[in-house]
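Asker: First the structure, which I've put down as structure tokens, then a few questions once you've had a look.
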Amino acid sequence: MRLVFAGTPEPALASLRRLIESPSHDVIAVLTRPDAASGRRGKPQPSPVAREAAERGIPVLRPSRPNSAEFVAELSDLAPECCAVVAYGALLGGPLLAVPPHGWVNLHFSLLPAWRGAAPVQAAIAAGDTITGATTFQIEPSLDSGPIYGVVTEVIQPTDTAGDLLKRLAVSGAALLSTTLDGIADQRLTPRPQPADGVSVAPKITVANARVRWDLPAAVVERRIRAVTPNPGAWTLIGDLRVKLGPVHLDAAHRPSKPLPPGGIHVERTSVWIGTGSEPVRLGQIQPPGKKLMNAADWARGARLDLAARAT
């Protein structure tokens, strides 16, 4: 099939590469978000998908208003048979959805109808889910609600960060998307409606959302930190110093004997503990402002923390 591929961040690359290399499909153009400011100088940079397409000589479309009549006409002139979507980053309206005869097929990183929205991988980890996956479905104007073509499942490991899990889902999801498009092309696949039960929503995670709430139970704190690692990254204030945190550990065997209030800090020779709403957790790595991630105990020794210091 003649395909337009819509995607923006790095997790979309596995799908783009697989479709480019498929003998069954022809990626005639890539649709991605406009170049965005990046780095210390804030210079506009192309998205990972845009860079990949340019390197392979595939035309790149970067409309600031993808639902405008002008872009609908531009896409119509390309005459795609189907549009494949992986983390494009914008809602698509009815006129645009009507352009390709086989519609728009989205790869979403959850087992729909669970975790519709922008951050399904993060939501699954934060909620303590043990199984997740990826779903291919036909896009409709409402958010992630269209009929389903196929699914693939993935076990969430106890130490998975969002980055770890997303890397695996990007690969298994790429295979699912390719298989789905093959089935659509030869008319073997018919989508089925999503179940009415089990709907949950995973809104976009902001930097403010990534601030650690030490009043929550330790297991919840641990999951929430993994859910925002590596991006946007968990953070807390220690005194008036804002620091980023790597994953923390529920190390019951070596927990300090004295209780710690939520946010209370206990420094030992080789470890740093912070109190939560239940038992304390052991810090792994910490990133002070302007520095790289480092061992929390090494940082604490150099920082000479006040004995009354608290994380908030």
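Each Cβ is built from the backbone N, Cα and C atoms, and glycine gets one as well.
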Asker: Which range, 34-54, 244-264, does Swiss-Prot list as region 'Disordered'?
Answerer: 34-54
Asker: Under a criterion of Cβ-Cβ distance under 8 Å and sequence separation of at least 6, what residues of the same chain contact L111 ((6S)-5,6,7,8-tetrahydrofolate binding site)?
Answerer: I131, T132, G133, A134, T135, V151, T153
Asker: An 8 Å radius from the center of the S110, L111, L112, P113 Cβ atoms defines the neighbourhood of the (6S)-5,6,7,8-tetrahydrofolate site; name the other residues of that chain inside it, in order.
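Answerer: Residues close to the (6S)-5,6,7,8-tetrahydrofolate site, other than S110, L111, L112, P113: H108, A114, W115, R116, P120, G133, T135, D144, V151, Q194, G198.
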Asker: Around the Cβ of P113 ((6S)-5,6,7,8-tetrahydrofolate binding site), how many other Cβ atoms lie within 10 Å? Please give the count over every shown protein chain.
Answerer: 20
Asker: Long-range same-chain neighbours of L112 ((6S)-5,6,7,8-tetrahydrofolate binding site), Cβ under 8 Å, sequence gap at least 6?
Answerer: T135, F137, D144, I148, V151, Q194
Asker: For S110 ((6S)-5,6,7,8-tetrahydrofolate binding site), list the number of other Cβ atoms lying within 10 Å of its Cβ atom.
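Answerer: I get 24 for this one.
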